[in-house]
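Participant: One structure, as structure tokens, below. Some questions next.
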Number of protein chains: 2
Amino acid sequence: MKQLTYLNDAGGVLGWDQQVTMPEGGTPARSKQSSALSAVTHERLTDDRVGEWLDALDDTDLSGGQRAVVREIRREHERAVEVPEDLVTEISETASNALPVWEEAKAEDDFDAFAPTLEKMIELKREYAAAIDPDRDPYEVLFEEYEPYLGLDTAERVLERLRDELVPLIDEIEDSDATLADPFADGEYGEAAQEETVRAALDELGYDWERGRLDTAPHPFSTGTQFDARVTTRFDPQDPMGAIGSTIHEFGHATYTQGLPREQYGTPLGQSRDLTVHESQSRLWENHVGRSRPFWDRFADTVDEHLGTDASAREFYEAANQIYPDNLIRVEADELTYHMHIILRFEIERDLIAGDLDVEEVPGVWNDKMEEYLGVRPETDSEGCLQDIHWTHGSLGYFPTYSLGSVLAAQLYASAEEAIDDLDGKIRSGEFDPLHEWLTENVHRHGCRYETDDLVAEATGESFTADYFLDYAHGKFGDLYDL
Amino acid sequence: MKQLTYLNDAGGVLGWDQQVTMPEGGTPARSKQSSALSAVTHERLTDDRVGEWLDALDDTDLSGGQRAVVREIRREHERAVEVPEDLVTEISETASNALPVWEEAKAEDDFDAFAPTLEKMIELKREYAAAIDPDRDPYEVLFEEYEPYLGLDTAERVLERLRDELVPLIDEIEDSDATLADPFADGEYGEAAQEETVRAALDELGYDWERGRLDTAPHPFSTGTQFDARVTTRFDPQDPMGAIGSTIHEFGHATYTQGLPREQYGTPLGQSRDLTVHESQSRLWENHVGRSRPFWDRFADTVDEHLGTDASAREFYEAANQIYPDNLIRVEADELTYHMHIILRFEIERDLIAGDLDVEEVPGVWNDKMEEYLGVRPETDSEGCLQDIHWTHGSLGYFPTYSLGSVLAAQLYASAEEAIDDLDGKIRSGEFDPLHEWLTENVHRHGCRYETDDLVAEATGESFTADYFLDYAHGKFGDLYDL
């Protein structure tokens, strides 16, 4: 089973290389290499002997850690064996073929060209869910691929609450007369200067360069193991704040990975918990640190120095916290409206899987919901329902974990603030070790030892809740926008 | 069997990453990932069914290409099944553990610290050879790992001839009064300028950047597939000619790989022939093109421009062809004395494997041979028998292919000159396509279709011979050194 992890991680290296260093011509060979690796890992994971080993372990006396290992491997094994190999292959091939179709449809603003592919993918994912458990809501089964333990009902409850409380908050902000500073508004910032800036941010936050590196990628991501957890970013000449935020976001992912116990490498105890927890770590650093006043008290001079601006900590802090509801694009959204982008995707994909919505209705429903939640209507599908790659990949049920992660970030950060004396002051003076230590102690070192809800309870003393996120949002933006 | 190639190539990506981009801390995880991949490929290659499939094919009517595929897979399979898995693991672990021991012994100039490790490796490689064929000279069996078809007797004959003819030629050069120009002698050359220069060389020679890239690595190498064949180099501030030569050398390897038929990717027909042929391609470009007068007629101005020199084509040509017999280090050796470095290693490792030489005698024998062949005696073992990594890896029998490759390069280049009208003139005017086409037509496109000797005969109309190399060496250096 350790070999399986090693082979999966080898696949991760191939993926990083493909996105960061591989020349364009390499695609055909890389696809074959990655598929061969996936075939090998799938074959091992579904081997009958794995089931026999797991059954044999049922009768033995196991420690808590050992029970967790068995639980996680059993879960992976059982899901994998239920899905016919042909279906796995068909989904993977449909996704491969869908990519250029989606890319062209997006470039040409032609949803009709993409619709049959989306239709097919939805059908295949329904089959996939039915293979795993024909008696349950298929969307619930799909969601559990990305967040196995929090439950779709929790996700639904939280998302509805975000919608109900954030829509009025965003409205208030729109009606507010406050104007936030934007020191980058009129400049152009070269790639070299931006790279120095984000490297300085990583230095400041305590990124372990011995076990990581920074590169650029068209779609920033983080990948790796506790021995080598890498970060990517991208640079837009008009938007250095975007690069800073996205780098700190990926740093949050990487620092979680770096904090996993090295001696457990290869077992679930040395692996990160699922997407909600991973996203909580990226959002905690991006939002609760990187968009905080104490961080900018610390970091403003460094930015002025590298980017030639002459702005105060307060001005950068305001720039990092601009709310702009007229933005149509999820990955460019601010901290509040971001959740509206998630909620509309969640509602649409849930209805698509349930058969309550036809593919051809997607563009209309998308635009209606954008108007309802954010008061803005996309003029094209490229800026609307064609903008994200997730459905092309077959990742239906993935989007909710983005919001759940943000919500969890706030809950964890509140506990860290409780536990660490004067955390703001420490950040202001560049002392990030106490926060790293708290996160490692309460989240990272556990790997997959606890189910998500138990991990949250162990770390914060409470069940998963949106209270902290909403308090934080009302507090910060109420203050910034004089509400 | 195609999957096996894909998985091996995935391992190649992991290796490239480890040498070029991986942060230092990544080693423990990478070792496990690479070992897991090797275990999977070994398991597949030695699967009983492979033998059954091959036997079943014996009775069928196969095309020439199909027969070659069967021949190559059979050879790999049969060698692999003969070697006990435990021995494979022990060699691989011994090599892993040997690496830091060798590194420290080299740094400390302490051969005694390395001797027990070398002793053990030699014993294991003897066992390895005996497992494959207990009735043959074990060194012959080991040599065939790297060059399966030319035969050790050919290698021996060629190496002896090189020694017998090159030692007197080198002596004559040492006695000559001629002084060759060295426009780089007193300068320091920055990395950026050197990189521009070698990139210009790759542009000039026709490297396909869509299917390749250039990076730096401590020990330059080339790796990849016909879809993605990468080059690495390194820069020494005092020695831009070294970077140019080593880049062109690796380009030669990569251009062979890029020339393999893409539609055959995954089968032996889409794979490169063994090390002699690979090295012939790197040496052909490095020596017969990169160290030729026509190339410098073409490239001198570019170098002057990027490196700020003001030298003529003749001066660069002379600089590229300096013979310096007092050099102790193989990888820094010139085109002639290089072979003496190979011959002494060949003679030593052959005697070590045969049991005619004890490990403790290696430093003395090494130094005696250096004195005999090149008239210079290392003062330390770091600059003597500890300089190369090959024995640490367990690569005994590998060294001869370096010289065989150089010899074959001359033979192939002579045929290309015969076939291409005014090849010198074409190079002088930057037309490298005809040479690429000749090499692709006669070498690259065949993959492993022919055994090495048949490939040589098909391409040149003759058996493998050192005649062309010796003619070339006598001609070029006789002229340069007024002999």
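One-based numbering along the chain as shown.
Yeah, the Cβs are placed from backbone N, Cα and C, and that goes for glycine too.
Unlike curated entries, TrEMBL annotations are predicted automatically.
Sharing the record's features from TrEMBL:
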| type | residues | note |
| --- | --- | --- |
| BINDING | B:His249, B:His253, B:Glu279 | Zn(2+) binding site |
| ACT_SITE | B:Glu250 | active site, proton donor/acceptor |
Participant: Pop the Cα-Cα gap between the residue listed as 'active site, proton donor/acceptor' and B:Glu279 (Zn(2+) binding site) into the table, whole Å please.
Facilitator: 10
Participant: If you skip the near sequence neighbours and keep only those at least six away, which residues in the chain come within under 8 angstroms of B:Glu250 (active site, proton donor/acceptor), Cβ to Cβ?
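Facilitator: Listed in sequence order: B:Pro220, B:Phe221, B:Ser222, B:Val231, B:Thr232, B:Thr233, B:Ser282.
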Participant: Could you list the residues of the same chain, at least six apart in sequence, whose Cβ is under 8 A from the Cβ of B:His249 (Zn(2+) binding site)?
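Facilitator: When sequence neighbours closer than 6 are ignored, B:His249 (Zn(2+) binding site) has B:Pro220, B:Ser282, B:Arg283, B:Trp285, B:Glu286, B:Gly290 within Cβ distance under 8 Å.
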Participant: Taking the Cβ of B:His253 (Zn(2+) binding site) as the reference point, list residues of the same chain whose Cβ is under 8 angstroms away and which are at least six residues distant in sequence.
Facilitator: B:Ser222, B:Ala229, B:Val231, B:His278, B:Gln281, B:Ser282
Participant: Suppose the Zn(2+) site is B:His249, B:His253, B:Glu279. Which further residues of the same chain have a Cβ inside 8 angstroms of that site's Cβ centroid?
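Facilitator: Counting only non-site residues, the set is B:Ser222, B:Glu250, B:Gly252, B:His278, B:Gln281, B:Ser282, B:Arg283, B:Trp285, B:Glu286, B:Gly405.
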Participant: Should the residue listed as 'active site, proton donor/acceptor' be counted as helix, strand, or coil on the basis of DSSP?
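Facilitator: Looking at the DSSP assignment, the residue listed as 'active site, proton donor/acceptor' belongs to a helix.
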